[in-house]
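**Student:** Submitted below is the structure of interest, expressed as structure tokens.
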Amino acid sequence: MSNAMSSDEESIVIRKKPKQEITEDDEIINTNTRKRNLSQLSEAEVSDEDEDLELKKKKIQAQEEQERMKEEASKKKEEDEKNKKSQAQSGYAWEDKIQRPWDIVGTEDNEALQDQQLLNKIINIRDKKEAVNTTALQRGIIRSMIIIIDVSQTMGEKDYRPNRFQNVLNNTIFFIEEFFNMNPISQIGVVSLKDGLARVVSPLSGSPKSHIDALMKMKHERIEPRGFASLQNGLELARGMLMDVSAHCTKEVVLLYGSLSSTDPGNIMDTVNVLKEQEIRVAIIGLVAQVNVCEKICKITNMSDSSYYNVAMNEQHFAELLMERIKPLPLAEGSEFALIKMGFPTRIIDSTPSFCSCHSKLNRGGYYCPACNSKVCNLPIQCPSCELMLILSTHLARSYHHLVPLKNFHEVPNSEIEKGKVPKYANCYSCKREFPLLKGVNSNKLLSTMRYRCDDCKKDFCMECDDLIHTLLHNCPGCESKVNL
């Protein structure tokens, strides 16, 4: 028994020893493989980090390239816009590149060319001023005007930027602001032509804000021009809006027309004859080619004067033609005159709010009619109760300069400067700045004296002051500074 047990123990011991040796070898192998794996992992991490850095560098380079391309595109766009603005427009807008290729051609003497362009610009400004008739005429300063805007499908054309309709809206908004600045005791109404119908955009009133808000609403709603225009329907609606206007007011219609035809329900000449009988004068500004019926309408309603029909050649010319409608029209011979009763109220602020008679709104301040004591918010306005015209003295003064316009100043000739026949002072009488002398770069020849003289007071003014005096002041500072004893 004992021998058997001892043999079993030996076998057990022998079985255990090789097991212990195997585990130690495995541990050595495992440690080596673990080290090898760790080294491989570290190398992989390093390679991953290098790849990430390279990707980041590539992304940064791509972003820099995109920014550089954007900057180049923006610079190119600005240069294109500057070139477009610098190019003088002549003819139709879509013909500019064909008819004026010399605007972009370089020359050897650029400075001399710039001087010549500046001189041509001065000559054009001078010619426009001389073309203005400064003769004192009897004009109707209390005006009632209806502006008719074509909203037919032809107004969607893009020969005017952004298109004809949007361009007309922008110019009309600016026109209304300037119109009420120069004619504060007048009133305007706006009509649109669309789908063969005529619609009232804003009724006849003396508030520029209501008209501008109505036009801005049309602009922001992005109304698309469609259908056909009807001249007869537009003129009939304008005639109805001017029917209740007082006899001392002038009745005018300004039509901004972009179509080549008119879809009318009847004979348009019958409507034109009625307009002539009611002394409603029509002026038309076309955006496309000349239309025969438009010329006939203007001729019949303006005593055979066809100058009230004009066709715009480009955007700038259209704006100039529209601005010409700001000046009141001269009255016809044999027109009857009558004294007009007006009220000059003062602004009063009440301790308690009360309703105004014009808008039925509660407010503390306002103007009270001197005839019926009704309260109104703003001036000028026709009293809603007694229909008395309520204005301020400044409104009347701003309209009066149309009756007695300021004479044009004439440029001092070059011969007086060259011979020394100039006044003792060498500065503008108004702004006191020294007169610049425009000379040629190479020839040193005097191109323009850049000074303009009043024929009455013999004072000289610079170009900027001359423009300011004739557009805003309407009074010569030299003549006004004279002391009359």
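Quick reminder: no glycine exception, Cβ is built from N, Cα and C everywhere.
Quantities reported herein were computed from a predicted structural model and do not represent experimental measurements.
Annotation source TrEMBL lists region 'Disordered' at 1-92. The compositional bias 'Basic and acidic residues' annotation in TrEMBL covers 61-84. The annotation domain 'VWFA' is assigned in TrEMBL to 144-326. According to TrEMBL, the feature zinc finger maps to 369-386.
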**Student:** When secondary structure is assigned with DSSP, how many helix, strand and coil residues does the compositional bias 'Basic and acidic residues' (61-84) contain?
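**Tutor:** Result for the compositional bias 'Basic and acidic residues' (61-84), in helix, strand, coil order: 24 helix, 0 strand, 0 coil.
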**Student:** Under the DSSP assignment, what numbers of helix, strand and coil residues are found in the zinc finger (369-386)?
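**Tutor:** Grouping H, G, I as helix and E, B as strand yields 0 helix, 4 strand, 14 coil.
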**Student:** Limited to the zinc finger (369-386), I'd like the whole-number average of pLDDT.
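**Tutor:** When the pLDDT values over the zinc finger (369-386) are averaged, the result is 90.
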